[in-house]
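Below is one structure, written out as structure tokens, with a few remarks after it.
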Amino acid sequence: MIFSEINNEAAGFNLCFPRSHCPRCRHVLAVRDNIPLLSYLCQKGRCRYCNGMISIRYPLVEGTVAVLFSLLALDMGWSYSLLGLLVLSSLLIALAVIDFEYLLLPDQLTLSLLWLGLLFNLQSAGFVALPLAVSGAACGYLFFRLVEWIAQRLTQRDALGMGDAKFLAALGAWLGVEALPSVVLLAAEFTLITYLVIRWRRKIKTVPQIPFGPGLAMAGLLVAFFHR
């Protein structure tokens, strides 16, 4: 499960090895410990092996995914587009959570998202024609590299990471080149709102680095839903 591997991925592991484990005692989790929502409720939010508290993030993410999938299925019914949106939203949520907590967009997820988008749009029932998907991936990557180059010249420091460029390229592969302006604009708005909320809640003048990935994920999901 992608969501049970979020800590593993952020710690530098791949998505398959080692198996899901408790971040406190490192004990490998059994299948019964990985059932979304039910495992958390049955174990009262604690690890079966060390009795340590399990982060509330896990049931929140799993519950969000369950609600989102249900709403998409009710709205669309079974279709090729629904399959694409389920895959896309799963990876977007995983990337958003990882980037928000660890300032990391793993290549294993961003590049998988990119290739899955191209494969999805190979079919005529995809979101966009394949040439638009390919050009979207290329333009998304090049756009962020250009922005990064300009930002480095102006600020003399890294303003954006390579992961953001790959992430936007992946969204371009799913949504096509024509959707990129909307994605970037919405992502910037979401990130600015996040910055202002954090600054207001913490009542500080300077805010730690705000990741752009969650904004891209939210923007990509919205554009995908209304662009389908």
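Along the chain as shown, the residues are counted starting at 1.
Heads up, the Cβ atoms here are built off N, Cα and C, so glycines get one too.
The annotation domain 'Prepilin peptidase A24 N-terminal' is assigned in TrEMBL to 13-74.
The list of residues near the transmembrane segment (56-74) in space but at least 6 beyond its ends in sequence, with Cβ under 8 angstroms from a Cβ of it, reads 3-4, 6, 36-37, 40-41, 45, 82, 85-86, 89-90, 93, 97, 101, 225. Residues annotated as transmembrane segment in TrEMBL: 56-74 (among others).
Beyond the transmembrane segment (80-104), the same-chain residues lying 6 or more positions past its ends with a Cβ under 8 Å from any Cβ of the stretch are 2-3, 6, 9-10, 57, 61, 64-65, 68-69, 72-73, 110, 112-113, 116-117, 120, 123, 125-127, 161, 163, 167, 174, 209, 211-214, 217-218, 220-221, 224-225, 228. Feature annotation from TrEMBL assigns transmembrane segment to 80-104 (among others).
The domain 'Prepilin type IV endopeptidase peptidase' feature in TrEMBL is assigned to 86-194.
Here TrEMBL flags 167-198 (among others) as transmembrane segment.
TrEMBL lists 210-227 (among others) with the feature transmembrane segment.
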